[in-house]
Amino acid sequence: MKFIIKLFPEITIKSQSVRLRFIKILTGNIRNVLKHYDETLAVVRHWDNIEVRAKDENQRLAIRDALTRIPGIHHILEVEDVPFTDMHDIFEKALAQYREQLEGKTFCVRVKRRGKHEFSSIEVERYVGGGLNQHIESARVKLTNPDVTVHLEVEDDRLLLIKGRYEGIGGFPIGTQEDVLSLISGGFDSGVSSYMLMRRGCRVHYCFFNLGGAAHEIGVRQVAHYLWNRFGSSHRVRFVAINFEPVVGEILEKVDDGQMGVVLKRMMVRAASKVAERYGVQALVTGEALGQVSSQTLTNLRLIDNVSDTLILRPLISYDKEHIINLARQIGTEDFARTMPEYCGVISKSPTVKAIKAKIEAEEENFDFSILDKVVEEANNVDIREIAQQTQQEVVEVETVSGFGPNDVILDIRSVDEQDDKPLKVEGVDVVSLPFYKLSTKFGDLDQSKTWLLWCERGVMSRLQALYLREQGFANVKVYRP
């Protein structure tokens with residue numbers, strides 16, 4: 001089998017040296033992706049296309065599908081490469097290939113020709129088209145908007161019968177641009193923004209800020225692995241997980257409620273910039289869209305950018321949510337995003353939309369920056385190829401209960417402000433307060449002879465924290481959902 005790879009048009013308008021470099025990189029990317037399907041596969045580059053030849057017919061569909069997901073490819077032609085003697089021979093081969101496909105259809109013939117021949121491309125179109133029209137009674141020629149377009153390519157003494165055309169994702173080959181670090185949360189925005197930078201030729205590494213709980217990290221790892229495996233598997237990338245729970249705890253205790261969102265984002269940018277500098281990455285990528293939430297106003301984004309010299313790319317800055325969700329659906333991350341928990345432990349009740357720099361800096365003076373340095377130093381760096389094996393390990397499920405027994409105690413893990421606004425009172429059972437950001441250090445001090453029923457407003461935080469505690473060896477935890 002043979003495939004002809006057509007280049008993304010922006011590649012073809014580059015200077016000769018740049019075009020050759022892009023084609024060379026794309027050829028290497030194709031080899032890296034397809035070698036898993038057929039080790040005997042051959043990839044040959046030309047000035048205006050790339051040929052892929054493989055022997056294992058059983059892998060035809062898999063190879064074709066993989067090619068449509070490699071950045072830099074405009075479209076793929078699946079062809080049958082045969083010799084020919086003259087124009088009538090071209091017609092006979094086209095008739096044998098397309099007879100069944102043209103029954104009862106309108107059609108036209110389009111020919112591309114390279115090399116020296118006694119005929120022109122238009123002459124071949126007329127001869128083959130007329131012959132097909134005569135020999136297939138139910139077929140009819142229609143030059144504009146036909147049901148079927150018969151594509152033929154003539155190159156020297158070879159005829160390429162095009163059996164199918166399949167659209168690629170376009171863009172530039174990965175590796176033609178410099179590396180970036182995507183701040184991935186597993187939601188709609190960060191997945192789409194990561195894809196857009198891969199499509200533009202960047203090798204995308206991933207940085208995840210874990211706000212508490214293994215289940216959330218496993219979910220985000222699966223999203224990152226899916227994006228890499230589907231669109232970027234030609235290159236090795238990193239997945240860096242930073243335990244941001246201590247930072248969140250410090251913010252909740254030391255920072256004014258209205259400034260929390262902006263301060264948290266500034267801390268994330270500081271941490272990600274340190275990671276980027278460590279690995280020689282040139283830019284950060286976020287899924288922020290203008291005005292989508294309170295921290296994404298121009299004033300707040302400017303304040304967030306000011307904490308680092310690292311370039312921050314926001315490919316979705318002018319996109320609305322509906323457009324982003326449609327893109328997530330197209331690339332296959334929608335289902336991941338819909339089931340990803342909305343982790344909102346640091347959402348202010350009255351967040352500022354126009355933060356003042358002096359006020360933000362004054363709030364940050366209360367913050368212990370050694371905590372930030374420590375979590376970055378202890379960040380977990382994983383080769384993304386190892387994630388598939390790690391995520392196959394079962395996550396311990398935690399029992400969810402709606403009632404309680406004589407030995408049960410409800411543990412309210414909401415932030416202090418939330419508890420003050422809406423105190424939890426349940427008849428017939430004790431209620432103890434311990435904010436989620438203190439669980440990792442304070443839960444062990446509680447009476448371990450009791451069964452602790454973790455509770456929060458939405459049930460997401462309580463489940464994540466219960467999973468975390470189970471991983472730490474505490475079996476006496478459940479989730480309370482009345």
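Note: Cβ is positioned from N, Cα and C throughout, glycine not excepted.
Not measured: the values here are computed from a predicted model.
As annotated by Swiss-Prot, domain 'THUMP' applies to 61-165, with the evidence given as sequence analysis.
Over all protein chains present, the Cβ of Ile184 (ATP binding site) has 27 other Cβ atoms lying within 10 Å. What Swiss-Prot records for Leu183, Ile184, Lys265, Gly287, Gln296 is ATP binding site, and it gives sequence analysis as the kind of evidence.
Positions annotated as disulfide bond by Swiss-Prot: Cys344-Cys456. For Cys456 (disulfide bond), the Cβ neighbour count at a 10 Å cut-off comes to 24, with all displayed protein chains included.
Taken together, the residues in the domain 'Rhodanese' (404-482) have a mean pLDDT of 84 on the 0 to 100 scale. Per Swiss-Prot, domain 'Rhodanese' is recorded for 404-482, and the stated evidence type is sequence analysis.
A coil conformation is recorded for Cys456 (disulfide bond) in the three-state DSSP classification, outside any helix or strand. The annotation active site, cysteine persulfide intermediate is assigned in Swiss-Prot to Cys456.
In this structure, the C-alpha atom of Cys456 (disulfide bond) lies 23 angstrom from that of Lys265 (ATP binding site). According to DSSP, Leu183 (ATP binding site) is assigned to a strand segment.
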